[in-house]
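Quick notes on the structure that follows.
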Amino acid sequence: MLSRLSLLSNSRAFQQARWRIYRLKVSPTVHASQYHILSGRKLAQSIREKANDEIQAIKLKHPNFKPTLKIIQVGARPDSSTYVRMKLKASKDSNVDCIIEKLPAEITEVELLKKISDINDDDSIHGLLIQLPLPRHLDETTITNAVDFKKDVDGFHRYNAGELAKKGGKPYFIPCTPYGCMKLLEEAHVKLDGKNAVVLGRSSIVGNPIASLLKNANATVTVCHSHTRNIAEVVSQADIVIAACGIPQYVKSDWIKEGAVVIDVGINYVPDISKKSGQKLVGDVDFDSVKEKTSYITPVPGGVGPMTVAMLVSNVLLAAKRQFVESEKLPVIKPLPLHLESPVPSDIDISRAQSPKHIKQVAEELGIHSHELELYGHYKAKISPNIFKRLESRENGKYVLVAGITPTPLGEGKSTTTMGLVQALSAHLGKPSIANVRQPSLGPTLGVKGGAAGGGYAQVIPMDEFNLHLTGDIHAISAANNLLAAAIDTRMFHEATQKNDSTFYKRLVPRKKGIRKFTPSMQRRLKRLDIEKEDPDALTPEEVKRFARLNINPDTITIRRVVDINDRMLRQITIGEAATEKGFTRTTGFDITVASELMAILALSKSLHEMKERIGRMVIGADYDNKPVTVEDIGCTGALTALLRDAIKPNLMQTLEGTPVMVHAGPFANISIGASSVIADLMALKLVGSEKNPLNDKNIHEPGYVVTEAGFDFAMGGERFFDIKCRSSGLVPDAVVLVATVRALKSHGGAPNVKPGQSLPKEYTEENIDFVAKGVSNLVKQIENIKTFGIPVVVAINRFETDSQAEIEVIKKAALNAGASHAVTSNHWMEGGKGAVELAHAVVDATKEPKNFNFLYDVNSSIEDKLTSIVQKMYGGAKIEVSPEAQKKIDTYKKQGFGNLPICIAKTQYSLSHDPSLKGVPRGFTFPIRDVRASIGAGYLYALAAEIQTIPGLSTYAGYMAVEVDDDGEIEGLF
């Protein structure tokens, strides 16, 4: 600030302006000297000490509280350096961190603006000051307005200046020098209400801001400038004079009213041969002649100058406190209104009838900063994992898992219930909530399943964008997986066609510009082989062979190529048929992309670093000595991570009622966890979480809710969620919502089978209490399964129009008798969040209940024991029967050190058993284990009870046949 005043005083235009001065002829009077010196030094010291004390007090409760000022100095002007040192000293005296960044005078405006933008995005910096003057090639207005107005501790941003000038305006910051002047007046107990105040000077730095402050204090303000006539006469009427014109000793004694208050802002250097420097510092007021007529007067130096720096420190502290308060606030979700229709229109019509919020608004309501958001159009965005650093001190919100009973082929509405529940919590109960769901695969969307966005008035919007491509994460998985597959086959080809170890090694580690270097992945392989050499030319022939030859056994390769389309013709293919491949053919096949182990790794990784580590650990097969070969051995870890660098960032969308949804990852539920990502859950829980008060260890406010879902029924998806996902995340749900339907329970009670694409038998559309009463056994078993993990259960009866109240009462009674905390009916499909309010209240209550969580099995027990635990405790079976092929693989995994991993069992989702025809709760069956495979990077083994197709096919009439696009680009017929 002082540098700006120096500029003002040295302004040639200002100095040479012709001021019309008409001095008053007044008779000399006798005046007893009663003036008081308003010392800025003393008050500034007091302000710095108070700031120091306040910061220390806050740090006792919140150790991470650290007000920080960043000063950018462009060039090396001596006067600027002096002022910067003054600000640094004042900051240190006040316990404010001050970071000074000196930039070269020749920096371009583009470079400086980028630097400012980066600091704006840095949450550890609370105040940003650009030291003026800047070199002439830099536009000061552009530069100062580039500073985030919430960090503009100088108060120069157009927002702060404009708000200060408005009546009732609310600037974030007041410019430091005017602010200091007001503090001096306040210290002297000068009453401003109704007083005449004259401001000499109209600069945007001092004159205009101080005039606004005086007006806001109800003073009558006159601003004088170089064109003001009769200036002495105007000043002589003033009760308060603010001199900020930049002319040395300009204001004379005969201008001043007896008893006036004079604040001298001027900083001017005039010749003085008695001084070592040859000049002395004076103000705009002729202090010696004026002081005798004043009641209060500020000296120069020692008046306003120290206050400028003190108020800068005060503004930085204010900025830090504001940010701290903002960080503690619970997100406020502003819901979109729903206009319900009956009968309920199609899902796509409902989606298109709603006008979504811009995704930036959804993010802002959640407290996500703009630099933490990457926009993909108007309604989709990615969230940067860097947000964790800002939110690390927050306690997690409440964590709710939505699971289901054993379903019919039509599905029982878990996703719809998830959306309805968060709409009810956020839009109707005022509790900020986030739905976390999987990203749907294109294959089923264009095949027979249709979309996966929920349905009716409880869905993700825009649903066509949700179901088609989204932000390209699945395509990134495809590219990474197929690069790995190509690298494996190519490595085998090159090893087979280059018999000479030395020649092969030279091509594997080539010279570039005459220098041979190991890549980072090669260095890691050398370390695993205990070859501690950095010079490629230093390896012995034996070491060269060990390093270069992977000797992959093609019969053991587990990596297949992937595509995100249902294409049955790719289930088995032969590669290498071209003449260029020299007869090296191999039978392999394609999987659907979401079946790739990379998708499971994406879902289970907590960070980019962990994802890279998991990718490197992926076992792609074995060598001829039956030793595992990893992605790290292939040298693909870095490249695969690079392809998935953006995919690790969760996607943000919204529900029909404008409540936030995170869409991330989508591992194949048949052979994987079938749940959305760990990183999305961790992020969402922080966003709706609460800060704790260190004094009483209580939350400052009630936390919000994160609602996610598990694939298939609880016995499959729920068990995997707890035993695999929760082991990876370290999280445990506070409650489980178990979705049940009258339709599914009738199916388990003996009603005819339900088939997709066919009309429901009349047993499902007419009341039949007997079927329901028999079928609730499946519901009871699933409740028992959940209670095995020690988590409270809420049963949500997803109501259909044909359900009778008597049927629903049978379900409620059975659920409560089985140990559910609540059993409620939910009508969210027809009514959106309004129809799930009772469910939302039940969930809130359930999350407050105590939980006694435990895993189903000890991972250090044998593979066979873990399989038996799942079959007996979750499915109700008697024992397992392991095929010879499966047993051979189990023995191999044990020898390779993979026996202590959790287990995922791939089986039918239509029965608790392995046989889809066995409804209800079958007992005493022997569960077959036909094969066991390993996803070492993802961190689990998976056993197959039946032949699982890892790439679906298309039916005679497939979903894609109805899809059209009109001339406006609107997609029709997809849903």
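Just so it is clear, glycine is given a Cβ too, placed from its N, Cα and C backbone atoms.
Here Swiss-Prot flags 1-34 as transit peptide. Under the heading region 'Methylenetetrahydrofolate dehydrogenase and cyclohydrolase', Swiss-Prot lists 35-343, citing similarity to another entry as support. As annotated by Swiss-Prot, substrate binding site applies to Tyr83, Val84, Arg85, Met86, Lys87, Ile130, Gln131, Leu132, Pro301, Gly302, Gly303, Val304, Gly305. The feature NADP(+) binding site is assigned by Swiss-Prot to Gly201, Arg202, Ser203, Ser226, with similarity to another entry given as support. Taken from Swiss-Prot, the feature region 'Formyltetrahydrofolate synthetase' covers 344-975, and the record attributes it to similarity to another entry. Under the heading ATP binding site, Swiss-Prot lists Thr408, Pro409, Leu410, Gly411, Glu412, Gly413, Lys414, Ser415.
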Collapsed DSSP category at Lys87 (substrate binding site): helix
Residue with minimal Cβ packing [other Cβ atoms within 10 Å] among the binding-site residues Ser203, Ser226, Thr408, Ser415: Ser226
Spatial neighbours of Gly303 (substrate binding site) that are distant in sequence (at least 6 apart) but have CB under 8 A: Leu38, Ser39, Gly40, Leu184, Ile263, Asp264, Gly283
ATP site, defined by Thr408, Pro409, Leu410, Gly411, Glu412, Gly413, Lys414, Ser415: further same-chain residues with Cβ within 8 Å of the Cβ centre: Gly404, Pro407, Thr741, Ala744
Cβ atoms near Leu410 (ATP binding site) (within 10 Å, other residues, all chains): 16
Most crowded position, judged by CB atoms within 10 A, among Pro301, Glu412 as binding-site residues: Glu412
Mean predicted confidence [pLDDT] for the region 'Methylenetetrahydrofolate dehydrogenase and cyclohydrolase' (35-343): 94
Fewest Cβ neighbours within 10 Å, where candidates are the binding-site residues Arg85, Lys87, Arg202: Arg85
Cα-to-Cα gap, Gly201 (NADP(+) binding site) vs Tyr83 (substrate binding site), nearest whole Å: 22
Max CA-CA distance, Å, over listed NADP(+)-binding residues Gly201, Arg202, Ser203, Ser226: 12
Least surrounded among the binding-site residues, given as Gly201, Gly305, Gly411, Gly413, when other CB atoms within 10 Å are counted: Gly411
